[in-house]
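Visitor: A single structure is presented below for examination.
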Amino acid sequence: MQLVVKSTSPQTLKTATLVVAVGEGRKLGATAKAIDQAADGALSAALKRGDLAGKVGQTLLLHAVPNLKAERVLLVGAGKEGELSDRQFRKIAAATYGALKGLGGSDAALTLGELQVKGRDTYGKTRLLAETLLDATYAFDRFKSEKASAPVLKKLVLLCDKAGQAEVERAASHAQAIVDGMALTRDLGNLPPNLCHPTSLASEAKALAKTYDTLKVEVLDEKKLKELGMGAFLAVAQGSDQPPRLIVLDYQGGKKDEQPFVLVGKGITFDSGGISLKPGSGMDEMKYDMCGAASVLGTFRALLELALPINVVGLLACAENMPSGGATRPGDIVTSMSGQTVEILNTDAEGRLVLCDALTYAERFKPQAVIDIATLTGACITALGTQASGLMGNDDDLIRQVLEAGEHAADRAWQLPLFEEYQEQLDSPFADMANIGGPKAGTITAACFLSRFAKNYHWAHLDIAGTAWISGGKEKGATGRPVPLLTQFLLDRSAP
């Protein structure tokens, strides 16, 4: 889908469909009134017939509206007068696209810029609108014998006044890059585990580097991981025929001597649970256990498209967790790259084992800050559901920055405590720590475990178990989150 920004008068713009907002109570805003006046009152006449009340998300299609260059006019309900919430604005955008995609026109022009969204300026509301519209075009039918018909709608024109055109163009450009990154993340997450594995993710990273010469990729194989002493990482992979990979992405868009930000992604391409085998029901969704790594790749896709003046390193800790005669057993003790020993009480708590060695590896980059992203705990879904990612860390300023990025990107996170008292749940009589902390506060104790490997830099942990994918039903699939949050965080850090 192509996004175009124009400051043309909607009354004189030639388009297949002109989209106009109508408030609850059939109220027309300034733009809608001007269009209605040019059309000899055709819009207000249609509203008087009572076919559209103006509630959020309602639509009404008008054909052959006089004196307009548009072939048809789509009226979209915008709710009560005043500021809209992000959720309401997204509902309006989704309803707009839902109506447009069923029409015959190849383009449409939107006059939704005058709608007010709480806490958002022209840039903020335009980006939210553009991201919602673009993300709605996503489809994954790679393995369907019959492909979905190509969408007729090819171009969306965002109409604005000349004074705000630069901000609207900037927002549209950022939205396109973010949604492109989300699409890559969703594609990788939706791939079946027989085709998506550590070596294939390494190939994806290399392909991205071929497209953008500002990205360098290094892939550390099993031999190199052994040389580095990554005993925790290797323990996860030893039950699988798929070899592990630590994929290092290096983007240098800032000054050479500028410390980078490091994004660490959990990349368990299939998580059976290992010897601590998961229940069979829903196990197919454990292909999504690599969505942390996929979101880092997607964020890099957006970062590269935007060419941000910032240095960023990505670490994708990729392995497959399978049961076999060579698999790790409950009770095994392994030595991590940091030298700390871990008693593995549950082989299904494997994500933290690959991450802990990746976090130690991150020290060599002398980072400004490190954020790890992982589908780490089912407990996070219990605590926060699917609306917000869990957030913990060791630096208040970094936590605040991540929370703010989530709010600005409408991809929210919520902070959970990381009190010292929780650390005691990881005590082991045989090793420096256990890899689980019992049934209570599972999301927090998982973060406590990771915190022991992130003491030498500012660190934040995003648990995306509830936000990375949608379970079951027609909407089942990867969401692309938290690419918007992560990209916003980097946009904020690269702002002059």
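Here the Cβ of each residue, glycine as well, is placed from N, Cα and C on the backbone.
Features from Swiss-Prot:
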type     : residues               : note
BINDING  : K266, D271, D289, E350 : Mn(2+) 2 binding site
BINDING  : D271, D348, E350       : Mn(2+) 1 binding site
ACT_SITE : K278                   : active site
ACT_SITE : R352                   : active site
Visitor: In the same chain, outside D271, D348, E350, whose C-beta lies within 8 angstroms of the Cβ mean position for the Mn(2+) 1 site?
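Guide: Going along the sequence, the neighbours come out as V236, I268, S272, G273, G274, S276, K278, M286, D289, N321, T347, A349, G351.
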Visitor: Which residues of the same chain, at least 6 positions away in sequence, have a Cβ lying under 8 Å from the Cβ of K278 (active site)?
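Guide: Set apart from K278 (active site) by at least 6 residues yet with Cβ under 8 Å, we have D271, S272, M286, D348.
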Visitor: Starting from each candidate's C-beta and looking 10 angstroms out, tell me which of the binding-site residues D271, E350 has the most other C-beta atoms.
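Guide: Going through D271, E350 one by one, the largest Cβ count within 10 Å is at E350.
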Visitor: Would you mind ranking the binding-site residues D289, D348 by how many other Cβ atoms sit within 10 Å of each Cβ and giving me the lowest?
Guide: D348
Visitor: Please report the number of other Cβ atoms within 10 Å of the Cβ of R352 (active site).
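Guide: Result for R352 (active site): 26 neighbouring Cβ atoms inside 10 Å.
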Visitor: Validating a neighbour-count step here. Other CB atoms within 10 A of the CB of K266 (Mn(2+) 2 binding site): how many?
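Guide: There are 30 of them.
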Visitor: Check the DSSP secondary structure of K266 (Mn(2+) 2 binding site), expressed as helix, strand or coil.
Guide: strand
Visitor: At the Cα level, what's the spacing in Å between R352 (active site) and K266 (Mn(2+) 2 binding site), rounded?
Guide: 8
Visitor: How would DSSP class R352 (active site) in three states?
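Guide: The residue in question, R352 (active site), is helix (DSSP, three-state).
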Visitor: Quick one: which residues besides K266, D271, D289, E350 have a Cβ within 8 Å of the Mn(2+) 2 site's Cβ centroid, in sequence order?
Guide: V236, G267, I268, M286, M290, A319, N321, G351, V354, A374, T375
Visitor: Using DSSP, would you call K278 (active site) helix, strand or coil?
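Guide: In the DSSP reduction, K278 (active site) maps to coil.
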